[in-house]
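This report refers to the structure that appears directly beneath it.
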Amino acid sequence: MKKDVLETLKYNKGSFISGEELSNRLGVTRTAIWKHINQLKEEGYEIESVSRKGYRLMGEPDLLNQHALQLELKTKTIGRRIVHYDTIDSTNTVAKKIAAEGAEEGAVVIAEEQTGGRGRLGRQWVSPKGAGIWMSLVLRPSIEPAEAAKITQIAAAAVTLAIRRVTGCEAGIKWPNDIILHKKKVCGILTEMGAELNSVSYIVVGIGINANVDVALFPEEVKRIATSIKDCVGNNISRKEIVLHILKEFEDLYLDFIYTKSIKKSVEICKAYSVTLGNTVKIINRDQTIIAEAVDLTEEGELIIRNQEGQMEKIISGEVSVRGISDYV
């Protein structure tokens, strides 16, 4: 019922609607309406209450819980169940747990703060409270484990499109899993899976975005390589709008993959917005580092490089770390 009250207020946003009219429309008492209004106020909604006029919605909080997101979600599967936490160690850890327990495809774990966020290759991910987007998606594709890296390319394409469309910032993709603004990392993607023999039981895609993070608070070693959308735009952005767009873009590209068995569309986006292709990069594999030219992506999302002997090689994302010669990109 609280959701219905909020939807009615949003439909009439900026205009008053009386308690009596709300009561008649929704088929509940005016006392019940008053209670729901107060609950919404406690959640951060700015609702003006004026005697003989009623209620008027003036502003909304930037919440990432199920109630706030599902009012405007335009997906069929992805995000239809949202598990929201105020503070958590890692959204990927919880997503893997609920996936192993049978969580449905499309479930999303999202947190206001992570205390133990992780990036690829086990690196720590700084996740301050209320300033970023820290979420993980549960997927159940009928694919072999070797294909899991394709999901990372789908996620990278979806996040890049969402940031560009919502903010206008020229987000780029550093293959395979980083989203870049102004040559610095703004988002990391961590894909993990549960598998049995030659089949995937589930895949969890973790997405961590420095949305409204104040870069001045970054440790010095992080400032050198990381930024935030806020730093690009110049002010706070709506985390909710970013999440809604990511989930929709991801679902469209993911379903295309499921139906066609190809990530061609996602790879085309990754190539169009790549900050890796055409550059000389360092390929770091454990203790070995080689210098090569990033030439292209295959239709499977693998990186094609030209080594110093002039030979072409394919690089699989799970094996290496890719860096620029003089900086992060």
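Cβ from N, Cα, C; glycine included.
TrEMBL: automatically predicted annotations, no manual curation.
Under DSSP, residues within the DNA-binding region (19-38) fall into helix, strand and coil as 17 helix, 0 strand, 3 coil. According to TrEMBL, the feature DNA-binding region maps to 19-38.
For 67-258, the entry in TrEMBL reads domain 'BPL/LPL catalytic'.
Here TrEMBL flags S90, T91, N92, Q114, R118, G119, R120, K185 as biotin binding site.
Remote same-chain partners of the DNA-binding region (19-38), defined as residues 6 or more beyond its termini with a Cβ less than 8 Å from a stretch Cβ, comprise 1-2, 4-5, 8, 47, 49, 54-55.
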